[in-house]
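This report concerns only the one structure given below.
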Amino acid sequence: MQLEIQVALNFIISYLYNKLPRRRVNIFGEELERLLKKKYEGHWYPEKPYKGSGFRCIHIGEKVDPVIEQASKESGLDIDDVRGNLPQDLSVWIDPFEVSYQIGEKGPVKVLYVDDNNENGCELDKEIKNSFNPEAQVFMPISDPASSVSSSPSPPFGHSAAVSPTFMPRSTQPLTFTTATFAATKFGSTKMKNSGRSNKVARTSPINLGLNVNDLLKQKAISSSMHSLYGLGLGSQQQPQQQQQPAQPPPPPPPPQQQQQQKTSALSPNAKEFIFPNMQGQGSSTNGMFPGDSPLNLSPLQYSNAFDVFAAYGGLNEKSFVDGLNFSLNNMQYSNQQFQPVMAN
């Protein structure tokens with residue numbers, strides 16, 4: 001009896017694995033085994049295998065067998081979840097020396113287990129013998145019941161005492177950790193935690209990105225020079241507005257030393273790096289370096305009241321003057337005129 005019950009149990013719970021909690025499914029199998037053995041006492045006839053077959057049949061459909069309902073209740077599973085994961089209209093016959101099942105009212109009857117020593121066993125072909133549940137990963141057909149060893153948690157019954165159940169029983173030993181092993185796991189999980197710092201990319205720098213520092217300095221010098229030029233254009237646009245205002249008496253001139261300090265402080269720190277290569281002969285031309293229809297609307301530069309940039313910052317041979325320039329100074333032509341200082345507005 002125990003062998004046939006185990007074959008039927010393995011077939012039923014194979015549909016529940018990986019869909020319901022495994023521990024509860026194992027408890028469900030143990031409770032169902034206990035209830036079936038209790039039900040079949042006095043209704044097991046090895047001399048007449050088909051006697052009482054309808055009583056021993058387990059049916060799961062619109063009406064679920066009371067044994068399945070009781071096992072679900074004892075294991076903590078919802079009966080709707082159990083019925084939803086099992087095939088519709090499933091019937092399992094557990095008879096002496098044979099276990100068979102049928103899915104649907106008109107489905108074919110397939111054999112799960114048959115005793116080869118029985119005289120009717122030779123009539124079954126290989127296709128019927130191998131008609132196991134394809135989803136039963138834990139279901140293993142038992143070929144030789146006499147050679148198997150009983151490992152069932154319940155006591156054996158009768159001549160079918162040798163059985164090897166395939167569902168895992170409840171573990172009696174609790175899972176324990178030491179302080180070191182628990183520290184290496186994720187909190188609330190037995191999986192080892194991974195070091196996330198090793199996977200992070202190190203902070204990059206301009207050297208790691210393949211950029212040249214000299215190129216960055218040149219770009220910075222050019223951008224600052226254009227900023228100074230834009231300030232000069234705004235100053236030229238504000239001149240007509242200042243002319244429209246009524247004339248006011250000029251303030252008294254400051255002392256000469258204070259004038260020199262104001263000119264020095266008002267000079268842009270990047271003015272020494274800004275050079276106009278096409279200034280000669282373009283004092284009043286509007287098609288020169290800065291045409292009148294340009295977005296900046298820069299007027300021609302006025303060279304009155306100017307001072308010498310080279311006198312203030314040294315000659316061309318000094319390194320501080322030529323730093324940041326991206327072209328050769330030997331090919332440039334300079335006029336003898338003085339340069340207009342860049343004044344802050």
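For all residues, glycine too, the Cβ spot is worked out from N, Cα and C.
Per Swiss-Prot, the residue annotated phosphothreonine among Thr181, Thr185, Thr204 is Thr204. When the ranges 109-117, 226-234, 271-279 are checked against Swiss-Prot, the one recorded as motif 'Nuclear export signal' is 226-234. Sorting the motif 'Bipartite nuclear localization signal' (22-39) by DSSP state (H, G, I as helix; E, B as strand; all else coil) yields 18 helix, 0 strand, 0 coil. For the region 'Important for nuclear localization' (82-92), the DSSP-based tally of helix, strand and coil residues reads 4 helix, 3 strand, 4 coil. Each residue in the motif 'Bipartite nuclear localization signal' (22-39) has a pLDDT score, and their mean in this model is 92.
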